[in-house]
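Data block below; observations after.
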C-alpha cells in the first residue's frame, strides 16, 4: 500500500463521518442549540442529553453538531478565497515577471511583515462579529504564502522545455496559460485549499475563543470553549471536552487528507513542505 493511501484513508473516513454528522444529524436532533433551560443547567451526560448541558441548560451535543457546520463553512470558504487570491497574484507575478513581479512581491512582503496572528486579531477587533467577517478576515490574512508558492512554480513551469517549444512555435500567452501553466498548478492548488481549510478552522476557533470571532449567541466550537473556561475548575468537564474533541478530529482528518494528497499528487516536489 502506498504511503499516500495510508495517510489519506483514515483522514477521509473521519472527515466523511464528520460531514455526514454536520449535514444530516441536525435534522434529527430534538433540541434547539440556542434554547436556554435553566432548570436543566449543567447536567452531566445522560440519555436525554448525550453530552450534558451547559450553564444555560443548552444541549452540548446539539451545539457541538451545529458548530461543526459553522467550522466547515468558515474553513472551506476562507481556504478557497485565500488560495484564489494568492494564486491570482502568484500567477500574475510569475508569468509576467519584470517590474510587475517586483511590485507584487513587495506588496506581499509588506502585508506579510506583521505576525499573522497579530494581524488577524487586530482586524477582528475592528470589524463587527459575523460569519462573513471571519471568513474575509481569515482569507485576507492567509493568501500571501500561496502567492509565493504559486509564483515560484509558475516561474519554474515557464522554463520547462515544453513551454519554450510552444513559444518557439508561436503560441500566445493565453494558449500557454491555458495549456501549460494552469494544468500544472491544479494539484498544488487542491493541496493548498485542503491544508488551508484545516488552518482556517483553527483560526476561527481561536478568534471565537478570544471573544473576537463568531457572534457569542451562535453555536461554534470556539464559543463553546470560551464559555466553558470556568466549568473545568468546577468539575463540569463535558462542556469543553466534546467541542474540543470535534475540533481536534476535524483538523486532524483534513490535515491527513492534505498530507495524503501531497504524497499522491506531487511525490517528488520538496518545496511543497512549505505549505
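Numbering starts at 1 and runs along the chain as it is shown here.
Placed from the backbone N, Cα and C atoms, the Cβ positions cover glycine too.
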Candidate ranges 156-175, 236-255 [criterion: TrEMBL lists as transmembrane segment]: 236-255
Surrounding residues of the transmembrane segment (72-97) on its own chain - C-beta under 8 Å, 6+ positions past either end: 18-19, 22, 104-105, 108, 131, 134-136, 138-140, 142-155, 158, 173, 177, 181-182, 185, 189, 192-194, 196-201, 203-204, 214, 250, 254
